[in-house]
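Features reported for this protein in TrEMBL:
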- 278-287: compositional bias 'Basic residues' (COMPBIAS)
- 288-299: compositional bias 'Basic and acidic residues' (COMPBIAS)
- 531-541: compositional bias 'Basic and acidic residues' (COMPBIAS)
- 548-582: compositional bias 'Basic and acidic residues' (COMPBIAS)
- 128-149: region 'Disordered' (REGION)
- 255-340: region 'Disordered' (REGION)
- 531-582: region 'Disordered' (REGION)
- 54-88: repeat 'WD' (REPEAT)
- 198-240: repeat 'WD' (REPEAT)
Amino acid sequence: MAYHPPTCLVLERVALLVSGPHVHVLNPNTGDLLQSTTTFADDAADKLQKSGPVRCIAVDADGVHIATTGDDKKLKVWSLADGLQLVSERELPKKPTEVSFTRDGQTIVISDKFGDVFSYPLHPESLPASTSETVGASRRGSLTSHENPSNGTLILGHASMLTTFLLSPDERYIITADRDEHIRVSWYPQGYAIERYCLGHEKFVSALHIPSFQPSTLISGGGDPMLKVWDWMSGKLLANITVFPAVEPYIKVKAPKRRRGSDGDGDGDGDGGEQKKGKGRRHRGKGKEKGKEEPREGSADVEQVEGAAAPKANETQEDSPIPDATAQKTSSGDARANSAAPEEVVVFVVHKISSADRGEHGRFIIFNAVGATALFYTPLPAEGIADASVHAVDFDVPVIDFTVGPKGDVWVLLDAQWSGAQSSSSSEKPQFVRMLTWDGATLSESRTGDVPLLASLNAKCIVSATAEDLKTLDLYSDLSSMPKNVDPEHDPLIRDTLSEAAAIDPETDGKELTQRELGRLRKKKALLAKIQEKEQQKRGASEVAETESGRAVKRTRSESGDADGKEKEKEKGVMSEDVEMK
C-alpha cells in the first residue's frame, strides 16, 4: 500500500507534520496527536484533497495560527485555539515558493515564482472593490505584472523566479534569492531600497540560512558545487565550502537529460551548450549535408566507430571476432529500445541549510540535496578557510527534508517507499521519519526507542495515497525546474503563466482586457499550442519506437527459434545416418 511521504516538519511550541494535502498537529513532548485534517467531514475532506499537496507551511511564534500554501495558489490561515479550524482563504497571484510569519504574528510574507514578495495581514481586510472587478483583476494576473487579487502589499520584485527568502532576526531586512544567481539584501518592508547584493554564485540559489548563534552570517547554496558563507551586511564572501564531491555519490534520483536547444548554463547535465544554427546569411547552406556530419567527440556514434575500428591489444585485425547476423539484429533492437528510454543525468540542488551549535565541539552546517540519500554536515569555517570536511549520514532512500529540534536533535523526513529502494517486507509500515543525535562532533541515528514523538510520527500520521496523488506531489521537480532553461516546455514560470492564459477566453473575457493584454494573450495561446503539439509528437515518436523495438525483439526470437529448429533437424539426420551405418 502506498502512503503520502511527509514533506515538512515544524518543531516549535507544537509539532506540525505535512503529508500530501494534510496537516497533523502533535504535542512535541508526549507525541499525542492533537488535531489532523484527516478527521474532517466528507465535504471538507474532498475540498482539501482537490486543493493538492501543501507546499509551504509556517506557524507563528505563539503557536496559535498556521499559514499554508499549495499549488492551488491559496493562502490558508488555520487557528489552533479551538481545534484545527480554517479561518480564512485568500487567492494568490502566482504559485508560492516560501511563506513566513513576522515576529508579532500579524503579518504573513510570501514569495512566488513570478519573482515577487507580498505581505498579507493575518486576517483579510474587506475589499472595497466589487466582486466583478476583483475577478477581472485575478484573470488578468497572467498578463500583467504585480497584480494581486487579495490586495497583498508588494514588498519587492525580482526579474527571475524567486526561490527563497528570509527575514533578518531584527526584521529590518529581507534577504531574497532567485534562479539568476542573485542574493539581494533589501530593507523591510521598504523592499524598493536595496542595501546590498551578495554576488558570487554562478548558478541558481535555492537555500539560505542565518545561524541563530551568528546572526551576521549568511550561508547560501544552490547549483554550485560549494556552499558560500557571507557577511551579508557588507556583502563580503567569508568562505567557500566545496561539498559536491562528497554529495555526488549519494545522489540516486537523476533528472531527465535536456534536449537540444536548452540554454547551456554549465550544469553539465545535457547537451546544453549546443545551439541551433541561425538562418542568416552566414549560416546559409551549412545545414544541407546533415547526413554527412562527423560524429561528435564523446558521443555514442564516436564510441561505436572507435569500438568497431580498433581491435583489442592482444589480437590482430584478422583475429577480431565477426558478429553474426542474429547478434547484429539483436543489438539494433536494443539500440532502438535504449533510444526510446529517456537519458538521466546528475543534477545538484541544495534543498535546505540549517546549523547547530555544539559548544566546545564546534558549530556545524547541516544540509541536504534533492534526490540524495544522505544528510550532510560540515564544520562552520572561520573566515579565510577554503574548505572543510563534509560528513554524511546515509539512509539508503532519498532525504526529503529535515528539521533541527530545540535540543539540537535532527529529524529527517525520508521517501521511504522510493521505487529505487531495496524491497522490504510489505507487512512492515515504512519508517518515514528518523532522528539523529549528536555524540560530541559526530551525528548518527538515535538508538533509543523511547521517543514518543518519533513513534507517533511514524504510526499516527500515515496517510494512504494513490498513484495519481504521488505523481501530483512530484517530490523531485526541482531537479528539472531549478536549472535555467530557455525552453518553455521545462521552465515552470513560463508554463504556469501559459496555463493561466489558457483559462482566459478572449471572446467572453475580452471586455475586461486592454488591447495590449489581448495581444499578449494571443501570443501566449499560440505558444501553448506549439508546446502541446510538440508533446503529442514526442509521445507518438516514443510509442513508435517502443513498437519497433518490440517487433525487433520478436523477430530476433523467431529467427533464433528457426535456427535452433534447423540445428535440431540436422542433429536428427546425423543420428539416423549413424544408425543406418551400424
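For all residues, glycine too, the Cβ spot is worked out from N, Cα and C.
Where the annotation comes from TrEMBL, it is an automatic prediction and has not been curated.
With a threshold of 8 Å between CB atoms, the same-chain residues lying at least 6 positions outside the repeat 'WD' (198-240) that come near it are 163-166, 168-169, 175, 177-185, 265-267, 347-355, 357, 363, 365, 367, 378, 380-387, 478, 482-484. Across the repeat 'WD' (198-240), the prediction's mean pLDDT works out to 96. Under DSSP, residues within the repeat 'WD' (198-240) fall into helix, strand and coil as 0 helix, 22 strand, 21 coil.
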